[in-house]
């Protein structure tokens, strides 16, 4: 035992060169065998070598907390704190300690909330990622089983197959060579062939083959682990961070402009005293900075990410949520996503090509060329046709099994029968099997005719071949291949696929089918699912030998308008995504295999479907834990809701910055009104506490793909902010310069105190600003009238509590240090009424802004539309053009002559493409309908009629 421990210690200290010694010495050095380790021995080694994962840097909690105070928005607040304690120390007054303490308190509160929420989000993310932890097939206690890769130890026997990411450094055992992609480690672009005895590194990907291996190094002792210590992590600035920075910079610049104007006017022109001027500058600094913005947006995404995981979509990076919200094209695999991937074979339809052979023999040969364990869907379907799965190996001894790979597209079994003769059977893609057949020229036409016959019924074809191997060795080429027969495979569509596709089209997401099957199969599936039949063979569009008949047509247009692609190879997926992105589409791509990884990485949202390989999961942004398309569409809706919350807040934040800067700047410059900085702090603290609840607000997702439109955010914020600033200016003028409020409501006048120190007027302005500022969130969060869309209960409760506190402060507070005095309940009621009256136009302003930004207002001017245009005629030309275009492009490879209407914005392009797809889908559905009711509904949808205005009666 002691000798064994010493040997393992030597392995741990890397004094033994396990990479280069003969494989038998590896077993001797690791004190293990080809039968694997026992669980007890593995546990002992785990304690010695540690877990098979890289050590994570432990970050100081305190430094992490302080980190939330180190960003541009916090710097502005910290500058305000320095101003309050240093620059404010003048004019015969002591330093502004209360403002200094208030600012520091606000910073600490915000950082604390950020720290707690991010910590919770981090724990939740860690729990989610644990579900995606890489697995390894390992031999323990004489049995193969799937275990977490983290518990592997040197001496374990593992199995590496196509699509696996190698879980640890290992030496390969006997068998056929593997193709290993080491590009992530060495930069080599082409896969490397690795045979028995060769070493494979942790982190590389198996591109072809299947082989067992013995683990020689784990965790930090692997080649990848050592390299990771030498490389510093790079901070990639994502799009979300860029948006956050842009909005923060806009707010900072707005404050800077306001402060410069105040300094220029107050001191050289108005000759104001030093200290009041500093106080006015502090008001702009403290009130204008959206200090809670990073926290609110990060928390919103973290909570949203958790909700997505509950729906079966785990986000590997939270910023994928914004891309998901903006996705307008989804390229979806047919098999397993649109269909069940539960194949069935109709034995009566099997076509036999060799004399003296019946359908049962073809089935048996196909079963022999299948796996009995770790089966894929095809193997399971074929072996399941036998009365007993053991028949597939009855009376034969397996010599060698060739697993499926994307290049050969077939499996093969070499075996010895009871007479000692060697044979080989193979099943796979008909074209590949046909290439093997010795009589290809004689049977090719019939084979293609049968394939086409199957395809017209939506059936895939599987070919079976047989040969004798007289040489008696597994490496020998063998005798001539006999083409035995063709088997039809049916993969039924999911029960919810058709409805989900219709939902997707209604959401502005154009679903394109991606299938490796024949064009006829793709079209038949598209017809059954109601997604249209405007499909093309990808090789004709993107292959090296393009179809001459479409060579002159614009390929990008055909790809953009297509409902799907057939005969797709992995490299075609990448090209399809690339061309769609070049047309400014936000493209999602589903995938499951190792060869899908490049396309998944290229796509804006790479989606690894349920049961995807490790390589596909590694390359994706979102990993599905449930099969089917409905999970993706539900994730789109949830992502849009999350994005809507973030956009609502950013518009609110910009609006508040403008209203504070413009409003208080005008009060200070026109009437020389000095609002106390401490009260702006109170507004900020109450606002931040309330606005945190927006991360769980009830929102209505956008009906179309959404994205960050900074011009819309800034324009809306400036208009809202300017309107609210003028509300405050008008209120101040009415309360200070007129007797309107005392005369109308019988409240006391504020004019007398105004000549002294503005204390009561300051309380009134504080309450007016506090109420309308927080109420604005109800306007920005809704797409229609704010009082129609019910907000989340948390937001309502937070608003009521915050404004109750604000009202009590304004009514009762007599704070000399803050220069305010209670105004009583009468004035509080007047201010609430004033804000309610001026709140109502905010919704109208919102609609006008949206209308102006959409460009439709300018379209009406340009096209000289008049008010007397009838509703049924409005847009008639566009509908007719769309109808004609859909009819022209439904069949064949015809490119559109021109765009249907002048597209002035990317938004219009997205909705147009989705609208066309909806029409093609409705045409496909029309063919399936045999009732008068269904026919009428389809025609109504196709022609864009308003069903509500048509009085019709029909019977089914």
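Cβ atoms are placed via backbone N, Cα and C, with glycine included.
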Pick from 738-758, 822-842, 843-863, 864-884: which range does Swiss-Prot record as transmembrane segment?
822-842
Which listed span Swiss-Prot calls transmembrane segment, if the choices are 185-205, 206-226, 227-247, 248-268:
248-268
Looking only at what Swiss-Prot records, are residue 167 and residue 671 on the same side of the membrane?
no
Which of the listed residues, 500, 533, 889, 931, has Swiss-Prot annotated as phosphothreonine?
889
According to Swiss-Prot, which listed range is transmembrane segment: 609-629, 714-734?
714-734
Is the count of Cβ pairs under 8 Å between the transmembrane segment (793-813) and the transmembrane segment (675-697), pairs 6 or more apart in sequence, 3 or more?
yes
Tell me the Cβ neighbour count for residue 592 (Mg(2+) binding site), meaning other Cβ atoms within 10 Å of its Cβ, over all protein chains shown.
25
At least three Cβ pairs under 8 Å linking the transmembrane segment (248-268) and the transmembrane segment (278-295), pairs spaced 6 or more in sequence?
yes
Among all protein chains shown, how many Cβ atoms are found within 10 Å of the Cβ of residue 596 (Mg(2+) binding site), not counting that one?
29
I'm checking region-level scores; what's the whole-number mean pLDDT for the topological domain 'Cytoplasmic' (1-65)?
78
Is it possible to list how many residues within the topological domain 'Extracellular' (670-674) are helical, extended or coil according to DSSP?
1 helix, 0 strand, 4 coil
Between the transmembrane segment (760-780) and the transmembrane segment (675-697), are there at least three Cβ pairs closer than 8 Å, leaving out pairs fewer than 6 positions apart?
yes
Quick check on the topological domain 'Extracellular' (814-821): DSSP residue counts for helix, strand, coil, in that order please.
0 helix, 2 strand, 6 coil
Other than its close neighbours in sequence, what residues sit by the topological domain 'Extracellular' (670-674), given a CB gap under 8 Å and a spacing of at least six beyond its ends?
270, 272, 276, 279-280, 729, 732, 736, 758, 761, 765
Helix-strand-coil residue split for the topological domain 'Extracellular' (269-277), DSSP-based:
5 helix, 0 strand, 4 coil
Proximity verdict for the transmembrane segment (648-669) and the transmembrane segment (714-734), three or more C-beta pairs under 8 Å:
yes
